[in-house]
Amino acid sequence: MKKSYLATSLTLSIAVGVSGFTSVPAFAKTKIDYHKQWDTPQYIGEVWEPEGAKGDDVVWSYLEKYKDEFRIQGNVEDHFEIVNEARNKETDTKHYRLQEVYNGIPIYGFQQTVHIDADGNVTSFLGQFIPDLDSNKQLKKKPKLNEQKAVKQAIKDVEGEVGEKPDFIQDPEAKLYIYVHEDESYLAYAVELNFLDPEPGRWMYFIDAHSGDVINKYNMLDHVTATGKGVLGDTKQFETTKQGSTYMLKDTTRGKGIETYTANNRTSLPGTLMTDSDNYWTDGAAVDAHAHAQKTYDYFRNVHNRNSYDGNGAVIRSTVHYSTRYNNAFWNGSQMVYGDGDGTTFLPLSGGLDVVAHELTHAVTERTAGLVYQNESGALNESMSDIFGAMVDNDDWLMGEDIYTPGRSGDALRSLQDPAAYGDPDHYSKRYTGSQDNGGVHTNSGINNKAAYLLAEGGTHYGVRVNGIGRTDTAKIYYHALTHYLTPYSNFSAMRRAAVLSATDLFGANSRQVQAVNAAYDAVGVK
């Protein structure tokens, strides 16, 4: 029977027993939110006792319980794979990340999270599940294209985007998925094209495995758009390495290293490792890239116990002096790249601590929630980078103010405190719904940015009063949500759920932090 909906979802309540524990949501009923399009659960909140199941079997038993709601025929283990299990030592909770599969093929971006409290009870499910794929006969057929032909199709198309064949950083590869786009499911190859010439790009292509048509494409490259001395003349201290009589911008004390290179105004990466004879560095762009990468590493390590962007100490590599008068900084999937700016729109972009932290947070997001860089999930991707940029550079709530329009005092790229001051929405009712900027990823980030600001600082917005909880607790909530709850296609509603669940995990179901999260998202119109 088809369910009826209000707004984007319907909440179904099923009576269950009440848990007396405050470490998990105090649900008197099971709450299920259904996805508007697929009519399957996108959120389940409850306290469910597994009755003797242990380890992964808890997850499988839980999914078995809801197989009818997911419209699953047969074994649930044929429809999901457990791709990650993480234990939070602070809360003694477990967090499982799942991947939906069909005939052994992963459905691109369709991941789910299942969460287990300290007593072994399942407390929530969050994510998207697409049902009834058996009805699409094309998904059962063998691909007519092989991986090599799919790559060729993508390269041919991107040549039209950039004007010539790019010089790829690494050889492009194709991976087979089931890809859902505009209400249709396709057997498709995902092809990532990463290049620097003739212009930097990190394009994601989805090629129909039968026809060779381009189903969807978008550029994932994030644009900022808009002792030694740094770009602003400030003196910084940072770790280097000495080899013989030469000093190198190479820090071996953090993870597997932090290294800073120069492209010498060319476009080859990583370029040349920065060196000096007396360990007093005068290249401001290099000093800032190195020192700011160290500070960002220290923040995530000391505050969130994360060892580099991948959690395993990966080398943080930065290149400055990229190209000539280049007004951009970006994470290309393996390293940071900074232009020198043109002196009018931008100073050297590594001079902004919040810019460096913003870009490195993209690397963290890529290794955790994997938020797809389009539409609402892309706006959340951008917002997470803004939020942690403001947490690392914590003297204000502006982004890029140190390096943007140096001739104009008080200017910035964005504001978390007042997104509207820079043309960005501060309420869901004002969101951008067009196709520019990958569906408004830099614009609509203002909605979640405003919620984060209100959560930290408090205030009244659209008639809703929020009692702030401070930057520290706010950062803990968003980091927990990013690493444990959000999935590739999470939207704003899922962000609210993830933040509430994270605040519950960290501070308790009846805490002022949970109340503040709910108020903050009420204030920006996210239900």
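For all residues, glycine too, the Cβ spot is worked out from N, Cα and C.
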Residue in E376, E382 which Swiss-Prot records at the Zn(2+) site where H358, H362 also bind: E382
Same-site Ca(2+) 2 binder from D342, D354, D437, given that Swiss-Prot records D393, D396, E401: D354
Between N394 (Ca(2+) 3 binding site) and E382 (Zn(2+) binding site), the C-alpha gap once rounded to whole angstrom: 18
Output field, Ca(2+) 3 shell: CB within 8 Å of site CB centroid, site D393, N394, D396, E401 dropped: L353, D354, A390, D395, W397, L398, M399
Remaining residues near the recorded Ca(2+) 4 site, that is with C-beta within 8 Å of the centroid of the site residues Y404, T405, D411: T345, G400, E401, P406, R408, A412, L413
Cβ-centroid neighbours of Ca(2+) 2 site D354, D393, D396, E401, 8 Å, sequence order: G352, L353, G389, A390, D395, W397, L398, M399, G400, D402, A412
Recorded positions listed as D276, D278, E359, E382, least Cβ neighbours within 10 Å: D278
Candidate with the highest Cβ count within 10 Å, taken from the binding-site residues D354, D393, D396, E401, D411: D354
